[in-house]
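Remarks on the structure that follows.
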Amino acid sequence: MNTSRLFSLLFQGGLVKRIAAGLVLGIVVALISAPLQETIGFNLAEKVGVLGTIFVKALRAVAPILIFFLVMAALANRKIGTKSNMKEIIVLYLLGTFLAAFVAVIAGFAFPTEVVLAAKEDSSSAPQAVGQVLLTLILNVVDDPLNAIFKANFIGVLAWSIGLGLALRHASDATKNVLSDFAEGVSKIVHVIISFAPFGVFGLVAETLSDKGLVALGGYVQLLAVLIGTMLFTAFVVNPILVYWKIRRNPYPLVWTCVRESGVTAFFTRSSAANIPVNIELAKRLNLDEETYSVSIPLGANINMAGAAITITILTLAAVHTLGLEVSFVSALLLSIVAALCACGASGVAGGSLLLIPLACSLFGISDDVAAQMIGVGFIIGILQDSTETALNSSTDVLFTAAVCMEEERKNAA
């Protein structure tokens, strides 16, 4: 397939095919940018990279407003006494995170990995204690609503939208209709933004590969193999088992749909928060209950941290093995779970799980200097690690929501 044919695919066909075309074109541009730089006088990959920057910026800009109006409208229009599926979804989120940590601990001990610690990185923004992380979480909940939207504090946005939605359940029908119209209007804007995903992926891939390349990953092949292998095992073995537990039929068609439609986009945006609009659009196409997914998907972007659990656990155990420390399997599992649950404070941020490595390392008695260097390792492999982690986190949000909604449909049909 020639390049002109690939360019034409950016404008026609289904979204997935167009994204695939953008991916291939991004790789091509990244490969030819360096040889062409002397001829054309500039780095082509850096120039087209602005497309990716604009796409991610647009997604992140619309996400807080989308969550605010969608959740508020869904709760305000919800009939009093209607059964909610949120409890089951939250259980799946937490269970999925627990099992991801469990699988990561097994992988960490089965394939012990040592790394050459990179140059010391600044870790001043990393949380120092569990209490501090929890305090930050509480302060985010009670943040000023306008400030929460302005700074994309999704926990604060979610808290205020839930509070206002519940308070407006007794409002007049006219008020509820206005909220629904606002939510619908923002959803249409999201649909337009998502239609530009192929161009965003094209820019992101071209700039990322041109800037960092794959050569820098050579020294961390085993660590990457353990990390990505564990995430793939969670996505295609652990998660399908949980989904089958709910829907009682072959889970893989649903799993593959979520990975293809949500995971691919999340892989390139590297932000669960930026992928919220994509997940909501997918949930709508799957005909899921809007009152459920409008709350569960934004919530999942903050608390469904299977990928973060794996990253924190594997990198911390790599530090343990590098230093030659002896840690029991049970201690490693428990401490990693604590760190993964606290990762809620860093969710929705590209590379956010890396900030929790000092927390996990401190629980093992590892010094801040070593922990900071492990963050450096995380940034080096982040081109693949962070992308895969976000794809797992975000696709699981819509996967578990769909599983619970389908379970409810199955029960109602019985």
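The backbone N, Cα and C atoms fix where each Cβ goes, glycine too.
Annotated transmembrane segment per Swiss-Prot: 22-42 (among others), in sequence order.
Annotated transmembrane segment per Swiss-Prot: 54-74 (among others), in sequence order, evidence recorded as sequence analysis.
What Swiss-Prot lists as transmembrane segment is 89-109 (among others), and the listing cites sequence analysis. Distant neighbours of the transmembrane segment (89-109): 226, 229-230, 233-234, 238-239, 242, 246, 292, 296, 299-300, 303-307, 309-310, 313-314, 317-318, 321, 329, 332-333, 336-337, 340-341, 396, 400-401, 403-404; these residues of the same chain sit at least 6 beyond its ends, with a Cβ under 8 Å from one of its Cβ atoms.
The transmembrane segment annotation in Swiss-Prot covers 148-168 (among others) and rests on sequence analysis. Distant neighbours of the transmembrane segment (148-168): 60, 63-65, 67-76, 78, 137, 140-142, 175-176, 179, 273, 276, 295, 298-299, 301-302, 344, 347-348; these residues of the same chain sit at least 6 beyond its ends, with a Cβ under 8 Å from one of its Cβ atoms.
The transmembrane segment feature in Swiss-Prot is assigned to 189-209 (among others); the stated evidence is sequence analysis.
What Swiss-Prot lists as transmembrane segment is 223-243 (among others).
Per Swiss-Prot, the feature transmembrane segment maps to 305-325 (among others); the stated evidence is sequence analysis. Sequence-distant neighbours of the transmembrane segment (305-325) (same chain, 6+ residues past either end, Cβ-Cβ under 8 Å): 96-101, 103-105, 107-109, 112-115, 117, 223, 226-227, 230-231, 234, 239, 332, 336-337, 339-341, 343-344, 346-347, 352-354, 356-357, 360-361, 364-366, 370-371, 374, 377-378, 385, 388-393, 396.
Marked as transmembrane segment by Swiss-Prot: 337-357 (among others).
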